Amino acid sequence: MSRPRLLPEPVGLKFVTQETPPDWDAEFGFSGPLELEIGSGAGGHALEYCRRHPEVRFVAFEWRKKYARDTQDRADKAGLRNLRVIESDARFIVPRIFAPDSLAAIHLQFPDPWWKRSHAKRAVIQPAFAELLYGKLAPGGLFDMRTDVQDRGVTMLAILESVGFKNPLGSGVFHPYDPEEVPSTRERRYLASGEPVYRARLLKPA
């Protein structure tokens, strides 16, 4: 009788089990800006961003096993030592592993596959989590949000502004497309097809 095949450990398991922030300098082997991505998906944004910004220490959350493992594997093979992928729900881990005012930027990539109005209670950006993220971001830090669902984008923008994030373009205004920004795998499809993407680039006051 053959033995059952053991499943590999989740990517970034050591971070999932930590109760306090790790020594990020020791983890990455260098110091530099620390950035968080929630919802890295297929990894297009995280991988390209880390290629363009080798000075940044980038921590990406993705709860889908295939995407999380594939992204970390591709980063390792490409020699990107500045990317760590965590295969888990960011809402439960972020509160424990990042100190207050420690993040230079937060990237929120096309969250919430449950896009119907009746699914709003499942949305990642709720007031309590938005307030927590605000506390983790350093003064002057950037919150970069992108979604393809306009109603959800309007709601998230309102929540984020309500907890203190400032919109340089004015309250409730989405940010226009900037070709210098790094698109995600999903965003590239929308850019190619001409479908709209709703973006916001918010700041925490210095």
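A Cβ is built for glycine as well, from the same backbone N, Cα and C atoms used for every other residue.
Per Swiss-Prot, these features apply:
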BINDING   Glu37, Glu62, Asp89, Asp112  S-adenosyl-L-methionine binding site
ACT_SITE  Asp112  active site
BINDING   Lys116, Asp148  substrate binding site
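Feature map: Swiss-Prot annotations on the structure.
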residue	record	contacts (Cβ under 8 Å, 6+ apart)
Glu37	S-adenosyl-L-methionine binding site	His45, Ala46, Tyr49, Phe58, Val59, Ala60, Phe61, Ile106, His107, Leu108, Gln109
Glu62	S-adenosyl-L-methionine binding site	Gly39, Ser40, Gly41, Gly43, Ala68, Thr71, Val85, Ile86, Glu87
Asp89	S-adenosyl-L-methionine binding site	Phe61, Trp63
Asp148	substrate binding site	Phe110, Arg186, Tyr190, Glu195, Pro196, Val197, Tyr198
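For the recorded site, Glu62 (S-adenosyl-L-methionine binding site), the DSSP three-state label reads coil.
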